[in-house]
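Heads up, the thing below is written out as structure tokens.
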Amino acid sequence: MKPPILIIIMATIMTGTMIVMLSSHWLLIWIGFEMNMLAIIPILMKKYNPRAMEASTKYFLTQATASMLLMMGVTINLLYSGQWVISKISNPIASIMMTTALTMKLGLSPFHFWVPEVTQGITLMSGMILLTWQKIAPMSILYQISPSINTNLLTLMALTSVLVGGWGGLNQTQLRKIMAYSSIAHMGWMAAIITYNPTMMILNLTLYILMTLSTFMLFMLNSSTTTLSLSHMWNKFPLITSMILILMLSLGGLPPLSGFIPKWMIIQELTKNNMIIIPTLMAIAALLNLYFYLRLTYSTALTMFPSTNNMKMKWQFEYTKKATLLPPLIITSTMLLPLTPMLSVLD
């Protein structure tokens, strides 16, 4: 794709998301979603092959259906309240339809089927955009309509998403599918807390985006798409393999790392609201995620080939890929735990 065209498309994607985030009028929000959806499709099909074509078609059909549902919910709400304002949702059916449409856009269970398929069919770069930037717009709308969302519906979706995100990734060797299931599970954690403490959801989303960006960038350094190609990295980049190990543990939510903050705070917030069973089940389901992250770290950093590389001569070409943003991303993705008291004050 030529640079000017790429710049125009990326600008449209960003503008679409910004319109959604800054609007208080339902029609403008819907227009923002449509702009974003139509502009992301060329990005998904950047490396043109039948799989990318199929992935883009699946993405388009899902998002178009979600947009239609959202518009229907907005129209029902308009009939009952006579207003286009986002803060005025008077009808429970309209609220349920809007919530369903937005969860469909995010890929929450039971509408999660498109996420692994689409992510697997596209390049790592497109997958990174799909699993980070594309979550911001629907989440910002859920944040704004959180007072009128049906809590039981969203909690059920959240719990099933965490379970699906754990179970789905167990048997995977494809890194993009693993990241997709990881995304479903993280979205589940965010959905669980949004009706109780929306600010906590923003904290979780920020940390999730940071961790996912870092992980995808490390995968892109070596163009790794399978566990096998990742296990060859120790010979070329021993330091990066250890970074992947730490990042995976952070994504799994282990205590000394940044990924522990949202899980800890969400479980704390849910128990404050007299919910014991849901956070317990979610914490148990998170162990499934931890298992497949640990499997990745094991195959990457804890296994060595029978023979090491003893050649005195450099056997591969000089590395030319730039990794400018990686150091700050890795630091924020792993070392933010001491800031927890400050973050809890924000909430």
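Positions of Cβ are set from backbone N, Cα and C atoms, glycine also.
Automatic, uncurated: that is what TrEMBL annotation is.
Listed features, source TrEMBL:
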- 5-22: transmembrane segment (TRANSMEM)
- 23-287: domain 'NADH:quinone oxidoreductase/Mrp antiporter transmembrane' (DOMAIN)
- 28-45: transmembrane segment (TRANSMEM)
- 66-86: transmembrane segment (TRANSMEM)
- 122-145: transmembrane segment (TRANSMEM)
- 151-171: transmembrane segment (TRANSMEM)
- 178-196: transmembrane segment (TRANSMEM)
- 202-221: transmembrane segment (TRANSMEM)
- 233-254: transmembrane segment (TRANSMEM)
- 274-294: transmembrane segment (TRANSMEM)
- 290-343: domain 'NADH dehydrogenase subunit 2 C-terminal' (DOMAIN)
- 323-346: transmembrane segment (TRANSMEM)
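Cβ atoms under 8 Å from those of the transmembrane segment (202-221) belong to residues 124-125, 127-128, 131-132, 135-136, 139, 143, 175, 179, 182-183, 186, 189-190, 193, 230, 237, 240, 243-244, 247-248, 250-251, 258-259, 261-262, 265-266, 321, 323, 325-326, 329-330, 332-333, 336, 343, 346-347 of the same chain, restricted to positions at least 6 beyond its ends. Mean pLDDT, taken over the domain 'NADH dehydrogenase subunit 2 C-terminal' (290-343), works out to 77 on the 0 to 100 scale. Counting only same-chain residues 6+ beyond the ends of the transmembrane segment (5-22), those with a CB under 8 A from a CB of the stretch are 28-29, 31-40, 42-43, 129, 133, 136-137, 140-141. Relative to the transmembrane segment (122-145), the listed stretch 178-196 leads the set 151-171, 178-196, 323-346 in CB pairs under 8 A.
When each of 151-171, 178-196, 323-346 is scored by its Cβ pairs under 8 Å to the transmembrane segment (274-294), the top-ranked stretch turns out to be 151-171.
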